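Summarising the annotation, Swiss-Prot assigns Zn(2+) 1 binding site to His67, Asp100, Glu163 and lists sequence analysis as the type of evidence. Marked as active site by Swiss-Prot: Asp69. Taken from Swiss-Prot, the feature Zn(2+) 2 binding site applies to Asp100, Glu135, His349. If you look up Swiss-Prot, you'll see Glu134 marked as active site, proton acceptor, on the strength of sequence analysis.
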Amino acid sequence: MKHNIINLAQDLIRRPSVSPDDQGCQQVIAERLAQLGFTLEWLPFGDTLNLWATHGTQDPCVVFAGHTDVVPVGDETQWQYPPFSAEIVDGTLYGRGAADMKGSLAALVIAAETFVKNNPNHKGKIALLITSDEEAAAKAGTVKVVETLMARQEAVHYAVVGEPSSGKVLGDVIKNGRRGSITGELYIEGVQGHVAYPHLAENPVHTSLNFLTELTTYQWDNGNEFFPPTSLQIANIKAGTGSNNVIPGELYVQFNLRYCTEVTDEIIKNKVAEMLAKHQLKHRISWNLSGQPFLAGNGELVKATVQAVENVTKITPRLDTSGGTSDGRFIALMGAEVVEFGPLNATIHKVNECVSVEDLGKCGEVYYHILERLLKS
């Protein structure tokens, strides 16, 4: 299985699929799956290509999810090996997307192929959800596929996202959930004027200080067994014209919350509105909800993944919900248990991104064992 994984990973890496350009990656995968009797459905939205490939028609449905798009390479002269050459040196595969996530995508595909070959009459359904819009806008990829599936009431019970979850060694971390993410764009209105005549103006920076102190020190919750406490950070703040003699007429504050399952986006919005009213600030605010929190807890998929990792790596993984958002947040909306498991994340989005060849082989084994536990007849 490892040999096939590496060959496919190299083929994918050699295609410069900077988001959202797929560069033929999904076609390569689709042709392989078609030979094994997978039903293929192309779901393009705008300039994004999505593939929904299934084998079997019964419940439960196990989804392997991944993306073919990669981030830009930056200055190519800084790379030890050309970023789209997929060089293997001393057991390490180099290239943009090697770790995030063409390597683990290849492992997911080969694991599904191998399982179907060995178990052609398996129970349930295996599905691969592959998109070319994860690294950029993430507006026309997995979220659109999920909307399509939900509209026709197609069930998904379990989903394994091949994101690079491991920290120091393969298998040390499984993501069994993610925090929600919501961003506020706040404008506090004042009255512009000359700094020498403050009585004729109203400085929104000054009037907002107490509010901003309350906003940044408020304790939203204490977290829980699976999540750390909700965190708020001011990301951008701007006021003034750049001149030292003009009192600004408006203050702009952009802030983000990474929130756990102890609160909801509505609770957050209402509390911020309450604070603004308390401090009597003339304002306007808009919100962008990037994703709701999701949690697989200690469900069947988590148990299957932990057991598979232990069998293959001889390591007991730590369950973790930290880090940024992933496409798992969209699949979780279907009521599915979602986990993320993949190779080390130490080099993702960096110059000289790379992954261990041995680790990719083991990823494939883990994915195969998950299917065995959940779908073997």
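A Cβ is built for glycine as well, from the same backbone N, Cα and C atoms used for every other residue.
Here the features listed in Swiss-Prot are placed on the structure.
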residue	record	contacts (Cβ under 8 Å, 6+ apart)
His67	Zn(2+) 1 binding site	Met101, Leu105, Ile130, Thr131, Ser132, Asp133, Glu134, Glu135, Gly141, Thr142, Asp327
Asp69	active site	Ser17, Val18, Ser19, Pro20, Asp21, Asp22, Thr131, Ser132, Asp133, Glu134, Glu135, Ala136
Asp100	Zn(2+) 1 binding site	Val70, Val71, Glu163, Pro164, Asn345, Ile348, His349, Glu353
Exercise for the section: Tally every other Cβ atom lying within 10 Å of the Cβ atom of Glu163 (Zn(2+) 1 binding site). Expected result: 26
Practice task
Using the recorded Zn(2+) 2 site (Asp100, Glu135, His349) as reference, state which further residues of the same chain have their Cβ within 8 Å of the centre of those residues' Cβ atoms, listed in sequence order.
Solution key: Val70, Val71, Gly97, Met101, Ile348
Handout entry: Cβ-centroid neighbourhood (8 Å) of the Zn(2+) 1 site, His67, Asp100, Glu163 excluded
Key = Gly66, Met101, Ser104, Leu105, Glu134, Glu135, Val161, Gly162, Pro164, Ser326, Gly342, Ile348
Practice task
Provide the number of Cβ atoms within 10 Å of the Cβ of Glu135 (Zn(2+) 2 binding site), excluding the reference atom itself.
Solution key: 22
Completion exercise
Across the recorded positions (Glu134, His349), the Cβ with the fewest other Cβ atoms inside 10 Å is that of His349
Fill in the blank from the handout: For Asp100 (Zn(2+) 1 binding site), the three-state DSSP class is helix
